[in-house]
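Novice: Just dropping this structure here.
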Amino acid sequence: MTPPTMLQTAPVESFNLNPKSTQQAINLKSDAKNGKVSFADWNEFKFAPIRESTVSRAMTRRYFADLDKFAESDIVIIGAGSAGLSAAYTLGKNRPDLKIAIIEASVSPGGGCWLGGQLFSAMVLRKPAHLFLDDMGLDYEDEGDYVVVKHAALFMSTLMSKVLQFPNIKLFNATAVEDLITRKDPATNLQRIAGVVVNWAQLDHDTQSCMDPNTINCNVVLSTSGHDGPFGAFTAKRLEQLGRAPRDVTAGFTKPSITTSKLQEPEPISNFQLGGMKGLDMNKAEDAIVKGTREVVPGLVIAGMELAEVDGSNRMGPTFGAMALSGVKAAESVLNVLELRKQQNEACYGAYKG
């Protein structure tokens, strides 16, 4: 049977609805008062003309170009909350040569960092997390052992705007990670993580959709998907399913030694067990999260509150210094193993040729 012929129309980039359209002045500053304020001549105001299909093409062309570009990434970050974006900011500043994809299930990035505790506006960060704010150029009130940002949304919007300006970083929001790509090392017979399985947020496994997903290969995955709740700690929960060891919530996962700075080989996936997050203790929690941020299994770094579910450490409540500095530590951990994991991936299926 002869396949149907595909018909294509030549794209129309733009057309002229108003050939007499001229440049219009909008001045956002005025010293006038008492009814004399005017930022523009609104009687003569008119937007430049555009065809609806031009808008569609402007969006879709760029989005699918990004899908193609980041299908093979150096690093994938799961979750665009405070820890994930802090890591992205640190990675973007230090390695502009790397392709970094951020996957966020929500339409609006930021996680739980748009407010402080109990819907209050101010954000508290214990020192020395103020140094991260200094690097971003963010103002705060210094209260001695801690600092206060006047609104949590100021922190998050500033951080987000800086991350999104990096040309080597792409945020895919409204996109869910529903599984992990694994590789088995023929030399050691151990599995490692080599990418993520993604889908539109409304079509992932939790919706019981039969829609097959898409994939992104990378050398290191950084997971910062948060704690508890139906979408929290996704990667840690999936690792436990991939592991062969029986679940023992009293034992938790093997914690790293914090008395040495020597890079340690992570545990195999087959040994992975969730520790289960403990109750709130601000003083214990923040130190534990930052110090414990690491590559937990080959190819996967876990940071932020997801790590509390892995290690069985305490939650910290409405103090956010550990989220920022766990992101910094995560960026360090990623960069320290990136070349090794890249070499292992290339030995498995060959180097990417794009």
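Count begins at 1; order follows the chain as displayed.
Yeah, the Cβs are placed from backbone N, Cα and C, and that goes for glycine too.
Pulled these from Swiss-Prot:
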type    : residues                                                                              : note
BINDING : Ala83, Glu104, Ala105, Gly112, Val177, Asp212, His227, Met305, Arg315, Met316, Gly317 : substrate binding site
MOD_RES : Cys210                                                                                : 2,3-didehydroalanine (Cys)
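Give me the structural setting of these features: burial, nearby parts and distances.
Specialist: Val177 (substrate binding site) falls within a strand when secondary structure is assigned with DSSP.
Classification of Cys210 (2,3-didehydroalanine (Cys)) by DSSP places it in coil, neither helical nor stranded. On its own chain, Cys210 (2,3-didehydroalanine (Cys)) has no residue at least 6 apart in sequence with a Cβ closer than 8 Å to its own Cβ.
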Novice: Give the helix, strand or coil assignment DSSP yields for Arg315 (substrate binding site).
Specialist: strand
Novice: Same chain only, sequence gap of 6 or more: which residues have a CB within under 8 Å of the CB of Gly317 (substrate binding site)?
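Specialist: Listed in sequence order: Gly117, Leu280, Met282, Ala285.
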Novice: What does DSSP say about Ala105 (substrate binding site): helix, strand or coil?
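Specialist: Assignment for Ala105 (substrate binding site) reads coil.
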Novice: With every protein chain in view, what's the tally of Cβ atoms within 10 Å of the Cβ of His227 (substrate binding site), excluding that atom itself?
Specialist: 17
